[in-house]
Amino acid sequence: MNSERDSETTFEEDSQPNDEVVPYSDDETEDELDDQGPAVEPEQNRVNREAEETRETLRKDCTWQVKANDRSFHEQPHFMNTRFFCIKESKYSNNAIKTYKYNAFSFLPMNLFEQFKRAANFYFLILLILQAIPEISTLAWYTTLFPLLVVLGITAIKDLVDDVARHKMDNEINNRTCEVIKDGRFKVAKWKEIQVGDVIRLKKNDFIPADILLLSSSEPNSLCYVETAELDGETNLKFKMALEITHQYLQRENSLTAFDGLIECEEPNNRLDKFTGTLFWRNTSFPLDADKILLRGCVIRNTDFCHGLVIFAGADTKIMKNSGKTRFKRTKIDYLMNYMVYTIFVVLILVSAGLAIGHAYWEAQVGNYSWYLYDGEDYTPSYRGFLNFWGYIIILNTMVPISLYVSVEVIRLGQSYFINWDLQMYYPEKDTPAKARTTTLNEQLGQIHYIFSDKTGTLTQNIMTFKKCCINGQIYGDHRDASQNSHSKIEQVDFSWNPFADGKLAFHDHYLIEQIQSGKESEVRQFFFLLAVCHTVMVERLDGQLNYQAASPDEGALVNAARNFGFAFLARTQNTITISELGTERTYDVLAILDFNSDRKRMSIIVRTPEGSIRLYCKGADTVIYERLHQMNPTKQETQDALDIFASETLRTLCLCYKEIEEKEYEEWNKKFIAASLVSTNRDEALDKVYEEIEKDLILLGATAIEDKLQDGVPETISKLAKADIKIWVLTGDKKETAENIGFACELLTEDTTICYGEDINALLHTRMENQRNRGGVYAKFVPPVHEPFFPSGENRALIITGSWLNEILLEKKTKRSKILKLKFPRTEEERRLRTQSKRRLEARKEQRQKNFVDLACECSAVICCRVTPKQKAMVVDLVKRYKKAITLAIGDGANDVNMIKTAHIGVGISGQEGMQAVMSSDYSFAQFRYLQRLLLVHGRWSYIRMCKFLRYFFYKNFAFTLVHFWYSFFNGYSAQTAYEDWFITLYNVLYSSLPVLLMGLLDQDVSDKLSLRFPGLYVVGQRDLLFNYKKFFVSLVHGVLTSMVLFFIPLGAYLQTVGQDGEAPSDYQSFAVTIASALIITVNFQIGLDTSYWTFVNAFSIFGSIALYFGIMFDFHSAGIHVLFPSAFQFTGTASNALRQPYIWLTIILTVAVCLLPVVAIRFLSMTIWPSESDKIQKHRKRLKAEEQWKRRQHVFRRGVSSRRSAYAFSHQRGYADLISSGRSIRKKRSPLDAIIAEGTAEYRRTVES
């Protein structure tokens, strides 16, 4: 394979993927991914290379210039882009968001243009023009105009309503207000008026209107706390910090007004976690990074006010750039329906051509020799045949039903309202109903094969709760009283004895409280003291209450637990921490904080007690803590058993330990610690090495167990969806261990599941690629492809893969430029050909590898992708769509899920949470994951069945109606004469047969909603396209053809050589047309009665009402009064009353209807008796079946010492606030001048070096 690689572009396959890191950002350039170069490099080469790279970086990346408080700067000619011909506009977007499509002037022309892009509407427009030509048409023009206007009007009204809703939403966002500097002072302005370069002021709980550079805030060192739930669904706070120079000089309004800094930075992109730029101010440049940028969509928290400079506005903001491309989504049935309409077009043309040829032949043989048929025109038979071809196109046009599309839209709209009105999908806690945000995808909800779900905020509540703990080998957290007796029902612990308790912790083990208060076991108090002291949580008092700000929800849960159990964290300074220990306040000196990172998987704190002793407290993942324990730890095994129990209960765990440190040992270590802190390169690695030296010979205290609370009903929902043969893939940016733990908690994974990881499947895929390459010889194209399974059948397997391994396996790693010298002159033809071939081989190899991966992953019962970027989420969805041709659904709650939601066939947003970005981009939204089962198994399945029944019936009734003209042609010289009255043709699809089929499409259901949920296996009919496909279409076609034959030939036979009761022959054309029309209306309306599974009064009324409406309108149109008013339009005067007073005509109608329907009844009876479907069986026994089955959670069988997995460690993804605390930047203090701070820092550095 290596020989196939291009000489200039290579895949980085030699590096081992890192499971702990999120891969490169979505828009990273190749330069950012280049290696550092060879280990040994000549000095001059290095200097030249660095100079070149600097120039290249400035040229490529920092092309976005922002001048503070100077709007005219951004309107200079070189910032203008040509948009249309000579019209130019600034490259800087304004801050207004536009999601609407039309305005008052463009609505009518644009909407009509879009509607006539639909083939059927354009076809009927052409027909209308043809009908205006007298030589061609035998049908009045209004028969097409009236239905066309109805269709266009209904669609236009629906589009208008949708666009008005978009206008309202845009206006609501664009008209939010904030303070902007205008005319030398802060003034209130709307978001849409904000421009790049404006200085704005935001207050606590304000949404950030644009991407801004933080200049200053009310907090110490201009810290600013933001909540990023809109971006990633996470509610824990993150901090940003302004530059020291802007913090010092840009606090007051007059200084902010005078601020004239220039920023050069990267162009707008979708990288949420990266920013590169430089601030030029006061003849000095200051580097800028992502820690100084506040992104649009975030919310200011715990910060009274802050000031910022707008860098990216509106469509240029990262949240908008990250939203992905909006795709126009259409259902599978839509595509199938279009192909069927094209098939009908072809049939229509062939039939019309055949009848036109027949007319030309008839004219040559009969018409030219029949003097009584002469019409005054001397046309040749072939020309008459040509005219008749267009005549038959017009007459048979109802084979392509114009009302089909508008009826489909009405049904979808009604089904969308049913979803909106479903009270069982309403979440009362946050007053959030389900919402169908699109009306075009409902039936596709009944055909889902794969669900791609986010984890945080979608499956989980992102709320951590302290559930259990193990202290000194003893497990606490079960339902026990103070005497250690277990009870199934016991009141939760009363924490009222503790003034610092927040009253939110639900705990039922009274024995633990007894142990804490009695102090019999010192380890118990030591355990909770460790939780109260070993963390990087920030605290503030609001109205006398403690309010904690944690870097991760896990850490916040542990500190809150310690607070409730009597060990409350009260305050901290740069060097001290104050704890309330069972009511006694004690302050400890903090000597060092050894912060967490993804490699260490632990954090420690070294404190000096008021008595003068030094202790190290440490918490971390069991895998790393156990490696560092002292050999003499008596409770090591008991704690391990407890960890296994906690793991089997899918709780997130941490081990807690401590160590006494001698003064001399600490002083020696502290020197190394200070030296490592001052290292300019690889500082983190140097610190980690020093940390290792002190974190050893630890004494184990116990372990905590935190529950990452799942949303209600998640395991039940996943279980039911699995029974419906829907596969669920979890795509998350969280850690592998956490994702795996949630997989077990929601029963996506079980103890019987064999888990495969990235390294396992990489080897499998490599072997498969080798085998495929070996088979791909000269004769490969003659050998049919064979599907070989990757795993033996019968085993329950799951795949857990990280983003880094995903890039490795899918060959999606960024390519890098080779350092080979590139020739200036053009390549030869041979070189170009070889290069092209090499690229093609690489693409083919990449495509084959991706297909193999999808095949392998789809053999697994569950797939969990962790540490993935938003782009990777969308890529995984796209791969399954592309290679499996499967219908996909993506569900998420944050901006990092938007790309995935837009890529899937159907996107679902979790609403009612803090983030709304996913909802704005979704097709459906609701508040809880558990509602997904009802959306798919009830609404989706019903919508699919209704739409399929509707389409089959619609095609049937139009073929039965239209093909009567075909049979009539054989008896009228192929003259394009209609078999019905013109008004009947006009109103057939609009009034006489429309309401029953619409109501069936809206209300029909084969089984109830409770039985649909009880038997998820009913869902598979939609996945397999069993109810509407080409076979079903041709069955409807044949049914319609046979019905049309019966409708024509039985009345024809009855009318031949007959005499009425009055002695007159009623066998005239008009009476014949009335007889056929009456039989047709009764037949098609009774046929829909046979197709209806769920009868209501409305259905019955519509069927008999449509028949009554037909007869009522017909008698009116055949009356003498209307003929007098419009003699040319109403020519069937008295026909209905004359024909229908003959009893044998009624007998003819009854016989025709019976012959049409009785075979259908017989076939239905036989099929339900001999070959009943699953829903037929459930319908038959529905009274005996329970309406609802109680779902029971799978019982966990705990086997001591044989846990097959490790529990997740409860830490955040990134470092905590340790650096912030240690530096004192978060502590409120009197501000000093900038030069004094610099001088003090320099002196401190010198003293440290000298010592």
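Just so you know, glycine gets a Cβ as well, placed from its N, Cα and C.
The Mg(2+) binding site annotation in TrEMBL covers D454, T456, D893, D897. Annotated ATP binding site per TrEMBL: D454, K455, T456, E555, F596, K619, R652, T732, G733, D734, R867, K873, N896, D897, in sequence order. Among the features that TrEMBL reports, compositional bias 'Basic and acidic residues' is placed at 43-54. Residues or ranges marked as domain 'P-type ATPase N-terminal' by TrEMBL: 75-145. Residues annotated as domain 'P-type ATPase A' in TrEMBL: 174-238. Taken from TrEMBL, the feature domain 'P-type ATPase C-terminal' covers 919-1173. Taken from TrEMBL, the feature region 'Disordered' applies to 1-54. According to TrEMBL, the feature transmembrane segment maps to 116-133, 139-161, 339-362, 389-408, 950-971, 983-1003, 1033-1057, 1069-1088, 1100-1124, 1144-1167.
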Could you check if the transmembrane segment (1100-1124) is in contact with the transmembrane segment (983-1003), meaning 3+ Cβ pairs under 8 Å among residue pairs at least 6 apart in sequence? yes
Could you tell me what the rest of the chain brings near the transmembrane segment (339-362), counting residues at least six beyond its ends with Cβ under 8 Å? 119-120, 123, 381-382, 384-386, 388-389, 392-393, 396-397, 399-400, 404, 955, 966, 969, 973-976, 1030, 1033
So what's the mean pLDDT when you look at the domain 'P-type ATPase N-terminal' (75-145)? 79
Contact count check, CB pairs under 8 angstroms to the transmembrane segment (1033-1057), set 389-408, 950-971, 1069-1088, 1144-1167; argmax is 950-971
Counting only CB pairs under 8 A, let me know which of 950-971, 983-1003, 1069-1088 has the most with the transmembrane segment (389-408). 950-971
Candidates D454, T456, D893, namely the binding-site residues, that fall within 10 Å of G733 (ATP binding site) by Cα distance: D454, T456
List only the single closest residue to D454 (Mg(2+) binding site), chosen from the binding-site residues F596, R652, R867, N896 by CA-CA distance. N896
For ATP, with binders D454, K455, T456, E555, F596, K619, R652, T732, G733, D734, R867, K873, N896, D897, what's the maximum Cα separation in whole Å? 33
Find the one among the binding-site residues F596, R652, R867 whose C-alpha lies closest to that of D897 (Mg(2+) binding site). R867
How many other Cβ atoms are found within 10 Å of the Cβ atom of T456 (Mg(2+) binding site), counting all protein chains shown? 26
Cβ neighbour count (within 10 Å, all chains shown) around N896 (ATP binding site): 28
Greatest C-beta neighbour count within 10 angstroms, which of the binding-site residues D454, D897: D897
10 Å Cβ neighbour count around R652 (ATP binding site)? 25
Could you tell me how many residues in the domain 'P-type ATPase N-terminal' (75-145) are helical, how many are strand and how many are coil under DSSP? 31 helix, 9 strand, 31 coil
Check: min Cα-Cα distance from D893 (Mg(2+) binding site) over binding-site residues F596, R652, R867 goes to R867
Cα-Cα distance linking T456 (Mg(2+) binding site) and R652 (ATP binding site), given in Å to the nearest integer: 14
Quick one: give me the count of other CB atoms within 10 A of the CB of F596 (ATP binding site). 27
Over the span of the domain 'P-type ATPase A' (174-238), count residues by DSSP class, listing helix, strand and coil in order. 11 helix, 32 strand, 22 coil
Near R867 (ATP binding site), how many other Cβ atoms are within 10 Å of its Cβ? 26
Counting every protein chain shown, other Cβ atoms within 10 Å of the Cβ of D893 (Mg(2+) binding site) number 34
